[in-house]
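These notes concern the structure reproduced below.
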Amino acid sequence: MSLEGYKVITAREMARIEKLSIQEGASDEGYMLKAGAGIAERVALFIKEKRLQKRVTLLVGKGNNGGDAFVAGTLLLKKGYIVQAYHLFPTEESSPLCQKHKQAFTDAGGLVFFPKKAAEISCKGVLLDGLLGTGFQGQLEGILLDTVEHVNRSKQPILAIDIPSGVNGNTGEVNPIAVNAAETIFLGLPKIGFFLGEGYNYIGKLSPVDFGLELRYVHQACGMAHMLNEKNLPSLLPELTRTRHKYQAGYVLAVSGSPGMPGAAMLTCLAALRAGAGIIRLFHPMGMENELLHAPYEVIRTPYKDDPAALLLEMSRAAAMLIGPGLGRAQERGTFLKSFIDHITVPTVIDADGLFHLKGMFAKFPFPCVLTPHHREMLQLLGKEKFDDMFDECQKFAHENAITLVLKGAPTFIFHKDKPPLIIARGDPGMATAGTGDVLTGMIAALLAQKLPPREAAALGVYMHARAGECVAEMNTSYDLIASDLLEALPRVFKELSDLSLM
Ligand SMILES: NC(=O)C1=CN([C@@H]2O[C@H](COP(=O)(O)OP(=O)(O)OC[C@H]3O[C@@H](n4cnc5c(N)ncnc54)[C@H](O)[C@@H]3O)[C@@H](O)[C@H]2O)[C@@H](O)CC1
Ligand SMILES: [K+]
């Protein structure tokens with residue numbers, strides 16, 4: 001069972017393997033025809049699903065990305081769609097395939113306009129962005145820049161071919177703006193720029209189209225990461241035996257909360273229960289009993305002062321641990337953690353202030369360990385102000401410390417020793433709200449307690465958490481989402497996955 005889905009590569013690497021395959025006998029026109037057919041199909045499906053008028057406007061640059069647009073446009077014309085094209089460059093400046101398929105488009109009755117100014121572009125129907133593809137470098141200027149601003153302003157849905165024009169496929173850099181795509185129809189493999197920097201704000205939904213590149217070239221392509229293979233997730237759901245009892249279901253110990261921050265502890269404990277843990281015991285600092293008076297019935301509470309004896313006793317029955325949410329940065333919290341950390345025997349998730357107190361110690365932990373920093377916390381772990389090469393630095397950190405690293409954000413990345421990084425491109429902007437991280441920590445701990453290996457527990461936990469956020473935003477809006485909504489949505493996500501596992 002593999003977690004790895006699509007290999008994610010740089011635009012540069014894509015161009016390299018395409019070129020290599022063509023040198024070894026593949027046909028670039030064959031590629032373009034197959035790509036164009038797949039793109040036309042996606043456009044038709046988009047129009048059908050959204051019940052839109054069968055009308056398409058092609059935005060065409062001078063490269064093969066524009067050629068793809070002409071091929072798709074010709075096929076759509078032949079299917080009865082109204083299609084018109086805006087070609088921003090003179091025909092003779094365009095790539096040979098772009099020129100050839102522009103001719104095929106006009107032969108099929110398509111109208112091509114050559115606007116002098118962006119304002120001349122009439123944005124009708126669905127806009128198909130073939131301005132710039134993997135050949136884009138530098139920054140947008142002149143009519144290209146004006147066109148991107150103009151089409152974004154139009155509020156018409158834009159489907160980007162291969163990559164939204166203006167996004168750098170190697171770095172995700174957007175300088176100064178890019179096409180704001182409702183959907184990016186990527187050819188062959190997703191480009192790493194989709195997931196880095198500003199790129200992720202522009203790609204919309206991702207849809208793959210196969211253009212016929214042989215698998216051996218995909219295998220030899222140098223990958224930066226893999227997208228998570230969501231199809232395999234249902235098989236990760238823990239098996240439920242009829243005769244199990246709550247300790248077998250998974251006993252989680254939590255060291256969480258501090259005076260003034262009981263909520264983080266509650267969110268993380270409830271999330272662990274909702275994600276399938278049979279029992280959770282919260283160890284909280286002595287003196288905050290009153291703050292926890294209204295804690296849910298299901299959460300067992302044990303106060304601690306400085307003696308870890310009670311915690312160590314429970315450890316013999318526990319299946320996983322979580323440390324950090326709402327712990328605070330007071331020195332005595334760190335001292336308490338350090339009093340038992342060497343005696344942990346079970347897989348453990350460390351988050352938030354737990355990361356702060358235990359910084360620099362992870363490499364020595366003998367237990368399987370999942371760290372869940374967001375970007376700022378990760379930089380603090382690395383002792384840096386900003387990343388020089390996020391992938392490289394995080395992968396190295398995971399490797400050297402022999403831990404599973406969940407770099408939370410949009411999207412979330414998972415790093416693990418000797419494994420390719422995973423990208424989980426799920427979730428909703430509404431999840432940028434207090435407490436959602438605490439929920440994730442509890443969920444991953446519960447999955448560890450149900451015997452999933454750390455990388456699997458992290459991947460399934462991140463996916464389900466993100467999917468819960470999507471469900472809440474679909475039902476309500478992204479504006480009103482709060483962390484406890486995720487707990488409410490988790491049953492629906494479990495149901496989705498378990499229904500899929502029966503198929
Ligand atoms: N090469 C192949 O085998 C295939 C390529 N395909 C398509 O071809 C695309 C790549 O084609 P190309 O390499 O022709 O590149 P593009 O179509 O991305 O076009 C780049 C053109 O824009 C110019 N350009 C780059 N940066 C610019 C900037 N900042 N301002 C203004 N102009 C700029 C380049 O000089 C080049 O002429 C892919 O994204 C994909 O859509 C597909 O047809 C599938 C097969
Ligand atoms: K494009």
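Positions of Cβ are set from backbone N, Cα and C atoms, glycine also.
Feature list (source: TrEMBL):
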BINDING   64-68, 133-139, ASP162, ALA264, GLY326, HIS374, ASP438  (6S)-NADPHX binding site
BINDING   ASN65, ASP129, SER165  K(+) binding site
BINDING   LYS408, GLY409, ALA410, PRO411, THR412, GLY437  AMP binding site
DOMAIN    14-219  domain 'YjeF N-terminal'
DOMAIN    229-497  domain 'YjeF C-terminal'
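Structure coloured by features recorded in TrEMBL.
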{"residue": "ASN64", "record": "(6S)-NADPHX binding site", "Cβ neighbours (10 Å)": "27"}
{"residue": "ASN65", "record": "K(+) binding site", "Cβ neighbours (10 Å)": "28"}
{"residue": "GLY67", "record": "(6S)-NADPHX binding site", "Cβ neighbours (10 Å)": "32"}
{"residue": "ASP129", "record": "K(+) binding site", "Cβ neighbours (10 Å)": "32"}
{"residue": "GLN137", "record": "(6S)-NADPHX binding site", "Cβ neighbours (10 Å)": "11"}
{"residue": "ASP162", "record": "(6S)-NADPHX binding site", "Cβ neighbours (10 Å)": "29"}
{"residue": "LYS408", "record": "AMP binding site", "Cβ neighbours (10 Å)": "23"}
{"residue": "GLY409", "record": "AMP binding site", "Cβ neighbours (10 Å)": "15"}
{"residue": "PRO411", "record": "AMP binding site", "Cβ neighbours (10 Å)": "20"}
{"residue": "THR412", "record": "AMP binding site", "Cβ neighbours (10 Å)": "25"}
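Neighbour density for HIS374 ((6S)-NADPHX binding site): within 10 A of its CB lie 17 other CB atoms from the protein chains shown. Other Cβ atoms within 10 Å of the Cβ of THR134 ((6S)-NADPHX binding site) number 23 in total over all chains. For ALA410 (AMP binding site), the same-chain residues lying six or more positions away in sequence with a CB closer than 8 A to its CB are TYR200, GLY427, PRO429, ALA432. Taking Cβ-Cβ distances under 8 Å and a sequence separation of 6 or more, the neighbours of GLY437 (AMP binding site) in its chain are PRO325, ASP351, ALA352, THR372, HIS374, LYS408. Under the three-state DSSP scheme, THR412 (AMP binding site) falls in the strand class. Checking the binding-site residues SER165, HIS374, ALA410, PRO411, THR412 for a CB within less than 6 Å of any atom of ligand 1 leaves no residue at all. Between the CA atoms of GLY67 ((6S)-NADPHX binding site) and GLY409 (AMP binding site) there is a gap of 35 Å.
Checked against ligand 2, the binding-site residues ASN65, ASP129, SER165, PRO411, THR412 give ASN65, ASP129, SER165 in sequence order as having a Cβ less than 6 Å away from one of its atoms. SER165 (K(+) binding site): 27 other CB atoms within 10 A of its CB, across all protein chains. Closest by Cα distance to GLN137 ((6S)-NADPHX binding site), from the binding-site residues ASP129, SER165, GLY409, PRO411, THR412, is SER165. The residues near the AMP site, meaning same-chain residues not in LYS408, GLY409, ALA410, PRO411, THR412, GLY437 whose C-beta sits within 8 angstroms of the mean position of the site's C-beta atoms, are HIS374, LEU407, PHE413, ILE424, GLY427, VAL462, in sequence order. Comparing Cα positions, ASN65 (K(+) binding site) lies closest to THR134 out of the binding-site residues THR134, GLY409, PRO411, THR412. Secondary structure at ASN65 (K(+) binding site), as computed by DSSP, is helix. Here ASN64 ((6S)-NADPHX binding site) is positioned 33 angstrom away from GLY409 (AMP binding site), judged by their C-alpha atoms. In terms of Cα spacing, the binding-site residues THR134, PRO411, THR412 that come within 10 Å of SER165 (K(+) binding site) are THR134.
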